[in-house]
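Right, one structure below, let's go through it.
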Amino acid sequence: MAAAAGDRASSSGFPGAAAASPEAGGGGGALQGSGAPAAGAGLLRETGSAGRERADWRRQQLRKVRSVELDQLPEQPLFLTASPPCPSTSPSPEPADAAAGASGFQPAAGPPPPGAASRCGSHSAELAAARDSGARSPAGAEPPSAAAPSGREMENKETLKGLHKMDDRPEERMIREKLKATCMPAWKHEWLERRNRRGPVVVKPIPIKGDGSEMSNLAAELQGEGQAGSAAPAPKGRRSPSPGSSPSGRSGKPESPGVRRKRVSPVPFQSGRITPPRRAPSPDGFSPYSPEETSRRVNKVMRARLYLLQQIGPNSFLIGGDSPDNKYRVFIGPQNCSCGRGTFCIHLLFVMLRVFQLEPSDPMLWRKTLKNFEVESLFQKYHSRRSSRIKAPSRNTIQKFVSRMSNCHTLSSSSTSTSSSENSIKDEEEQMCPICLLGMLDEESLTVCEDGCRNKLHHHCMSIWAEECRRNREPLICPLCRSKWRSHDFYSHELSSPVDSPTSLRGVQQPSSPQQPVAGSQRRNQESNFNLTHYGTQQIPPAYKDLAEPWIQAFGMELVGCLFSRNWNVREMALRRLSHDVSGALLLANGESTGTSGGGSGGSLSAGAASGSSQPSISGDVVEAFCSVLSIVCADPVYKVYVAALKTLRAMLVYTPCHSLAERIKLQRLLRPVVDTILVKCADANSRTSQLSISTLLELCKGQAGELAVGREILKAGSIGVGGVDYVLSCILGNQAESNNWQELLGRLCLIDRLLLEISAEFYPHIVSTDVSQAEPVEIRYKKLLSLLAFALQSIDNSHSMVGKLSRRIYLSSARMVTTVPPLFSKLVTMLSASGSSHFARMRRRLMAIADEVEIAEVIQLGSEDTLDGQQDSSQALAPPRYPESSSLEHTAHVEKTGKGLKATRLSASSEDISDRLAGVSVGLPSSATTEQPKPTVQTKGRPHSQCLNSSPLSPPQLMFPAISAPCSSAPSVPAGSVTDASKHRPRAFVPCKIPSASPQTQRKFSLQFQRTCSENRDSEKLSPVFTQSRPPPSSNIHRAKASRPVPGSTSKLGDASKNSMTLDLNSASQCDDSFGSGSNSGSAVIPSEETAFTPAEDKCRLDVNPELNSSIEDLLEASMPSSDTTVTFKSEVAVLSPEKAESDDTYKDDVNHNQKCKEKMEAEEEEALAIAMAMSASQDALPIVPQLQVENGEDIIIIQQDTPETLPGHTKANEPYREDTEWLKGQQIGLGAFSSCYQAQDVGTGTLMAVKQVTYVRNTSSEQEEVVEALREEIRMMSHLNHPNIIRMLGATCEKSNYNLFIEWMAGASVAHLLSKYGAFKESVVINYTEQLLRGLSYLHENQIIHRDVKGANLLIDSTGQRLRIADFGAAARLASKGTGAGEFQGQLLGTIAFMAPEVLRGQQYGRSCDVWSVGCAIIEMACAKPPWNAEKHSNHLALIFKIASATTAPSIPSHLSPGLRDVALRCLELQPQDRPPSRELLKHPVFRTTW
């Protein structure tokens, strides 16, 4: 490097430099031993001899360098001493050395900028070398040390003299102009950066070795830190061709800047005095955070998912986030943001760092305000960069793009190091997404503007931009060149990578498969309803690539990609779209195939197995792909997505025909994975999800009678369904879940538990009423039951506690249900014995205890081992169909008598003995020798439902309800002896309560009462009698912890869980006998009925008696009854779009009725007020008639006069002339517009006073004239059809010569604006009167699909009485294309007075009727304070006012003296969001207009 310096120095013409170069080259960059002393000696001699000549030369050189090179000031280094090894080390003090040494103090006047070495030849290079060698000489070298201070002082003085002479030189003007774009000198910038990063600098003398190795090491280190690795000898002093190389040498050793700053201290001060800028830079500029926090914030901004949506003002941007609702306005200059998070928020830093591309160390980044020239400079650079990308790309750019597309992973490492600065900058720009302002990597999903600038963008960023365009109702355009995007489908130009699919989106969207025209066409037709394009293309995980291929073929890449989105909203929308597409495809396929195949197998899913047409094949493939999708999406953890998946499942099933057995088999096979997924969801931790899953499968069990009936929505489908209960049972039992997969087991067990309760007729035929037809033999039904119990028996020993306990509970509760069929009960005991379970002994004890309860223990012990089939007849005989009014004791006696001929006298045994024995069984007391057991639980709280299953038949429910003998008068009598026996005793387990027991009659009364309470929609006569041996209620919520008390009102919901099913009344008895009977909760409760509910206070007194039993009862209650109003069913969540849950709480109903009445009353009052307003609107004064302006029906309202040229066809020819100054006279001017004038006029023939609006239609070009004529005709014809008391009326219109004359009725009171200027602000009563009339007129216009768009005081006319207001001047009015309020066809048109215009109009967004409502609020402000809103009279610059309103975050200030009512009206009108403003018709219902002022 030093050799190169020597060569370059010798070419400059200095002999000393040429003489020094050989030593420099031979030394290889290392100083010789005597180099430093020799340089110091030469420096001392030259200082005394040739000072004046050198000073003159320095001044000339300084002028030259500064005048030419100060444009490099932002890149100039802090100190020049960071050069590489000094090239000049001559052993003898030659004149060249001396000259170099004397000039070594040149930096005292100011450091040469980078590039000075190349322009000044070797002299400046040796200056630095000699200066370094002299400055760093050892302490022992006295002559150089003594000479150094004197030389510096001399240089300082002479430099100052030269600087004073530069003040009036023309170079100074150039320097100032060069400094306009700079804000802070680079030395100060670097100094601040180093100070923040390294803290205070401690200056220490650095001893330099005699051989100069310290300086060599320093230079080498500096060189190593540089970004450009070229072989230049002085990276700090050369002029680099790359802009990135100038800051590369600004970092050196931590201690070196301190030393140099001390020795060359005049540098910053002198440089500051050389070129004082004409405009000082903005103040501050220091980061308010610590260096670490500053770095963290900058890094956060560089990674933030923010997007530049558009520039919405001269100095403002609209910044968006991933969510379409997150938009923020960033204002440059004031440096603030609409997010309200204070200065230097992430959005402002995003604009500064990524939009303006400032360096993180740029002081402008941390300024709280920027001056105008700084803002202009930033925007100028931004727009120049942006416009450079819009220009047509060069051939080289296109070739590079093509090469990158074809070979993305073969980037050469050397290709980035050999490019010029301009090409590198442009290449960097091309590799940056213009929306997120981040680089585009090869592995990212990219798209390209194909019809415009051909710039690449991120797919995700483009989807954000597409959503913005969609919300603004704009066509999708390129955010750079504004050219129209080819399609709403974003074509994937992503480069091939292991993650991406090789098939592009465009290829997928083409109808390459026979399924595409069916599903794809439906999807495209309904794109407006279920538009997914604005979500962009979502990446499909690699694990699902192969699985998703048939999905893509059937439904398209766009929809399938959204199913894998990380945003649950996108997934939900995709499922809604999928539901729509599939139902449409199935309808289309079914409709076309039924005509060809004749119905038998037409439209089937068997892919042509039953029919040879292609249409069934299409629908079959769609269903197959659809079921595959559902098997995955039904596992979604988000509840709303899961609901959407079930809705999609229903949509598919109800439109899928199934006529043959083959079709049923195929449909069963396709649905099997879906059902398996839902089975797992039955044990979901989310209670709503588990309830909904169980309810869904119950609907499937109902077959063609349920909500999931196959082909339900197809007319005359005649589908046979998928099999109902049998199919669900096959799904439960078919795939035997592994024992380690506890979720699958628990989900199946939860469903089994619910099935046995909800559709008990399928499993317990002995308790079904005789009038219920039995489709299947009893044997088959019992086999179903046994298969389920065998499945539960397999899981009794499961390691997962919840699985094992629920299995045991199901088994025991089913055993209790079949006690009336002793052979079946015996079969259960046998199955338990054969299982070899570790719980065998305990389970058998509990089974025998159940047998003892119902007095069939002897039957079991006598060896009733007959097979189930052999005992069916006796089983039927043992189970009478119904016992509507028999007590539990009587029924037990009946079973005993008819079953095995047991003695009826057995009933006379002491009830105390039975109660004591079975209470111990039920409670599981430690003192009970027969029922000793731990405290297992099915729920997480650790309490088993099974502990409640074995309640004593005689354990009195009266324990909880002591006063229930009176209410029930319809209960039949029972034997007195039974009553006496039961009433004498109480179970030993409940002695501390001291509450007398209840009689069986009382028990039965309570049971019947409770039955009426719980059975909302059931016919109690069809239900079985109240069994004392009862199974527990369902446990769909078995997996989650419950509240410690029953929820008030929960009993009234009991029937909901078992609606439309053969729910046994023993369910009620299980609550009565087991839950309340076994000494459970409270001794002070009342009978549950429709008017009463359980409260925590009622069961509190029994809590400490037996917490085990209390907990079990509580679990039974909560498992059997919905604990609150949030019960989730398939019908409430899926089948009905807007579910209305039946409420049985009378208090709630009363509240609802009361509120409903209040609401109805208020609505009636509003409607009455509106009727009055409309009635007042109907009162219309007579309009004077001018004969010459009348036209026949069907003729054009515009009458063309005779002397008018025939250039305007379509008008009515005048039968009678009506010319100015002849038939009518023009009076004083009352208004003036750009192309129109308004005058008072009088009809000569009738004397009618009129106002005439004369509009000239002549323009410079014919096309412009045609537009004007068409607009005038539209205005005239519009006004001719308007007839309302608050709308100005037109008498007629003529076309005469070059003018259109619009004759309108005369309003003598002039305009509201004129009255305000003449009389001042109105009183509030007047404001309310005028506002109401204004709203009436606007309501009439809006109902006729007209928006005025120019509502202001100048266009509101008052009649001669001052009481009637009419809306005038429809020059800006336009007719809406539809009757929808949100029509937005007038985007970008700035019509009307600015101060009264809505922000969305000024922003160029879509607008509709709501813009007139905003103007009403502005008119209220104008009438209340006689000034337009926004202090518009103080704004002489219309653009500034537009910007103020368009960027406003609050409504204009409302006068404080307004009453609350009128203030509320104004605030409603001035809602910033158009959709939040009420329609004018709704505002008329406001109470302020119903009050007499």
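Sequential numbering from 1, following the chain as shown.
Glycine is no exception: its Cβ is also placed from the backbone N, Cα and C atoms.
Of the candidates THR648, THR1393, Swiss-Prot records phosphothreonine for THR1393; the remaining residues carry no such annotation there, which does not rule it out for them. Cross-referencing 328-356, 1285-1313 with Swiss-Prot places the feature zinc finger at 328-356.
Per Swiss-Prot, the residue from the list THR397, THR1361, THR1381 bearing the note phosphothreonine is THR1381. Residue with Swiss-Prot feature phosphoserine, selected from SER910, SER1044, SER1052, SER1084: SER910. Fewest other C-beta atoms within 10 Å: among the recorded positions SER287, SER290, SER1236, THR1393, that description fits SER290. In sequence order, CYS1238 are the residues of the chain that are 6 or more apart from LEU1232 (ATP binding site) and have a CB within less than 8 Å of its CB.
Considering only the recorded positions ILE1230, SER1236, ASP1350, the residue whose Cα is spatially closest to the Cα of SER290 (phosphoserine) is ASP1350. Here the candidates are the recorded positions ILE1230, SER1236, ASP1350, and by Cα distance the one nearest THR1393 (phosphothreonine) turns out to be ASP1350. If you take the Cα of SER287 (phosphoserine) and the Cα of ASP1350 (active site, proton acceptor), they are about 48 angstrom apart, rounded to a whole number. The average per-residue pLDDT of the prediction over the domain 'Protein kinase' (1224-1489) is 86, rounded to a whole number.
Contacts of ILE1230 (ATP binding site) defined by a Cβ separation under 8 A and a same-chain sequence distance of 6+ are given as CYS1238, TYR1239, GLN1240, ALA1251, ALA1310, in order along the sequence.
Spacing of ASP1350 (active site, proton acceptor) relative to SER1236 (ATP binding site) is 16 Å (Cα to Cα, whole number).
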